[in-house]
């Protein structure tokens, strides 16, 4: 197809998407009624996300995948064109868009839920960071759309599906964007301010840990004598079997313990806690600020 049609602008694409969201919601409700009649309410409450994903897949498979317009596209009179606007997208591009738009978000949500269900610190960190990064990227992509009018969904950008008006428009109508550029600026400012606030919180938490460590270091520097348990006269209340550090396997120097009560060399346990905030023996939580030198 030659480039005869004008690319659609942001207001028209947003109106089409709003209409599609409305009809997709109605299809979802009708699907729930059918499934509830067949499988019962328990099944519907057990798989709400899967049923919503199925409704979206049905809507797009009955329209975009087979080359027909969605109801929102019919309402605004939009057609799909290639990136350069000269061709109609092939079936492979439409199929890729449907799969990416429907299944990829579902797969990501399932993965994040599994990571969150795991109690390991790494799993919680990855799930939290991944969710924040994905949301920030989607917000920035939406802001880019408000500025350019291209690719409302990221999946359409990935497979090169652009919208064009199904009729000829004058230049004034084509340039009309309303206040969408202002919305794009607001989204960018919101994302930046949110991340700056998160960085400040992270910096504050790191600073607190560093300050706690500095206080402990200054405390140790102020004590001139090193407490060496190789001398049985030093801290005689400690039994012989408990005077060896389990980290360096030598008699303890400057013995220190955490809230769990296990005792180690000051330098050994401090180096350990900097890498892993847990007791080397019982895995109880242990931080620099919680270490207590024994006297």
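Glycine residues also receive a Cβ, built from the backbone N, Cα and C atoms like all the rest.
Just so it is clear, the model here is predicted, and its values are computed rather than measured.
Per Swiss-Prot, residue 157 and residue 227 occupy opposite sides of the membrane [differing topological domain names]. Range 109-120 is the one annotated as transmembrane segment, of 85-96, 97-108, 109-120, 157-168 (source: Swiss-Prot).
A Cα-Cα distance of 16 Å separates residue 282 (Zn(2+) 2 binding site) from residue 268 (Zn(2+) 1 binding site).
Under the three-state DSSP scheme, residue 245 (Zn(2+) 1 binding site) falls in the coil class.
Every protein chain shown contributes to the tally, and the Cβ of residue 262 (Zn(2+) 2 binding site) ends up with 17 other Cβ atoms within 10 Å.
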